[in-house]
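What Swiss-Prot annotates here:
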SIGNAL    1-17  signal peptide
REGION    18-450  region 'Catalytic'
ACT_SITE  GLU229  active site, nucleophile
ACT_SITE  GLU234  active site, proton donor
REGION    447-486  region 'Disordered'
REGION    451-485  region 'Linker'
DOMAIN    485-521  domain 'CBM1'
DISULFID  CYS493-CYS510  disulfide bond
DISULFID  CYS504-CYS520  disulfide bond
Amino acid sequence: MLAKFAALAALVASANAQAVCSLTAETHPSLNWSKCTSSGCTNVAGSITVDANWRWTHITSGSTNCYSGNEWDTSLCSTNTDCATKCCVDGAEYSSTYGIQTSGNSLSLQFVTKGSYSTNIGSRTYLMNGADAYQGFELLGNEFTFDVDVSGTGCGLNGALYFVSMDLDGGKAKYTNNKAGAKYGTGYCDAQCPRDLKYINGIANVEGWTPSTNDANAGIGDHGTCCSEMDIWEANKVSTAFTPHPCTTIEQHMCEGDSCGGTYSDDRYGGTCDADGCDFNSYRMGNTTFYGEGKTVDTSSKFTVVTQFIKDSAGDLAEIKRFYVQNGKVIENSQSNVDGVSGNSITQSFCNAQKTAFGDIDDFNKKGGLKQMGKALAKPMVLVMSIWDDHAANMLWLDSTYPVEGGPGAYRGECPTTSGVPAEVEANAPNSKVIFSNIKFGPIGSTFSGGSSGTPPSNPSSSVKPVTSTAKPSSTSTASNPSGTGAAHWAQCGGIGFSGPTTCQSPYTCQKINDYYSQCV
């Protein structure tokens with residue numbers, strides 16, 4: 001993800017504070033999800049918390065803000081240790097202040113929420129395991145599925161669902177000054193090594209703090225916080241991408257200044273993490289009719305997103321595979337339509353070919369590539385769900401042409417290059433929202449199924465501004481045939497309308513997922 005800015009209006013100051021106050025009670029909204037096995041799924045009674053960077057932070061002895069607008073009040077504290085001692089984070093009023101609502105297994109995130117004392121912009125939430133710990137997910141060799149409604153998110157917005165290698169307790173045990181922990185949403189990190197957090201590693205980030213020139217609620221400090229990141233879903237109703245971001249150091253770690261790299265530093269590639277990642281955006285890969293309103297995956301209504309993290313015989317991450325389910329039909333991810341880049345999933349060979357075809361800087365392999373990402377996925381990662389706008393690049397990297405002058409790989413969506421300006425998005429689309437629901441996690445093949453009527457749609461032919469000298473015709477949404485006899489491990493091997501191989505390479509067998517999709521397992 002290119003950036004994830006915290007934004008909260010002046011009267012509700014934001015900070016990743018380490019102390020805790022109780023002027024507002026903290027009650028986590030409940031959010032159910034399902035843990036699945038080959039025999040079925042069981043309900044898990046979970047909850048969510050909002051990130052500490054959105055919370056009201058004030059002096060421990062009263063209600064005076066420690067941070068207002070985009071500046072620290074240095075008359076109250078001026079050093080990292082001093083602010084950690086004198087300031088506290090408080091409880092959250094989830095619906096009225098942040099526009100966060102839950103119902104059963106559904107989470108709704110409102111973009112702009114006008115409360116009695118503040119106007120809140122966006123939010124970042126985490127799935128909890130009890131009151132004091134984040135829920136951990138070991139994704140390698142497993143499958144993660146959720147429903148999403150992006151019909152209320154247009155150009156310049158990102159309704160994101162992703163995983164990061166945060167400490168499950170929010171860093172409370174590692175950093176003894178942190179008295180808030182996961183309960184209050186502390187400990188965030190990602191592959192951008194963000195420097196906009198007010199507290200990192202149990203101390204404040206006030207030293208060297210520079211207010212943003214285009215965000216009235218944010219700034220950057222000397223320190224950043226880094227860890228591995230797996231973007232399962234970055235999307236609005238125009239475009240979507242899924243992207244692994246490996247780091248040479250997997251777990252949360254603090255960085256300093258431009259050595260952080262990422263969006264917040266002058267040297268983007270100077271840190272421990274791959275800020276760009278290896279992304280699969282169907283539009284960018286040459287299919288302009290696969291995702292969007294009225295397209296193969298129709299974003300005007302809810303659909304299901306399935307992501308599989310497939311291991312090879314050595315136990316390393318070999319492939320990140322994507323399916324959609326809509327109106328009871330399984331839809332395979334679109335095939336690449338870029339010369340020299342084949343496939344419809346993320347593999348090491350796909351990433352190598354894409355970097356070459358687009359002429360991108362290959363920091364992905366410098367940071368360990370897919371194998372290093374797999375090491376992070378083998379350990380517990382924290383689920384993040386957010387909605388945000390982009391003060392760094394207006395979200396053009398997701399849904400428009402970026403860089404704006406064009407070139408190989410620049411065409412990412414239909415939004416104008418003049419779109420996504422945060423001040424305009426906030427003023428013109430305040431009621432935007434994203435809804436995540438029906439989260440499921442389990443072994444591959446355990447979390448999704450399709451209906452029993454109709455025929456699955458195919459990917460129609462499409463055209464896109466050329467990313468290489470010659471564009472290939474679009475492929476239909478069927479798995480590529482492997483070499484040898486039968487379909488390869490995890491490939492499609494049957495279903496209504498499927499014309500490929502119906503047997504599997506030894507020792508795998510063809511397992512029916514539903515009437516429209518069978519898979520070699």
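Here the Cβ of each residue, glycine as well, is placed from N, Cα and C on the backbone.
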### Query
Given the recorded positions GLU229, GLU234, CYS520, which lie within 10 A of CYS510 (disulfide bond) by CA-CA distance?
CYS520
### GLU229 (active site, nucleophile) versus disulfide-bonded residues CYS493, CYS504, CYS520 - nearest by Cα
CYS520
## Note on the structure
A correct count of other C-beta atoms within 10 Å of the C-beta of CYS504 (disulfide bond) gives 24
### Task
Whole-number Å only: compute the distance from the Cα of GLU234 (active site, proton donor) to the Cα of CYS504 (disulfide bond).
33
### Query
Which of these disulfide-bonded residues has the least crowded Cβ, counting other Cβ atoms within 10 Å: CYS493, CYS510, CYS520?
CYS510
## Note on the structure
the residue listed as 'active site, nucleophile' has its Cβ surrounded, within 10 angstroms, by a count of other Cβ atoms equal to 28
### Query
When a 10 Å sphere is centred on the Cβ of the residue listed as 'active site, proton donor', how many other Cβ atoms does it contain?
26
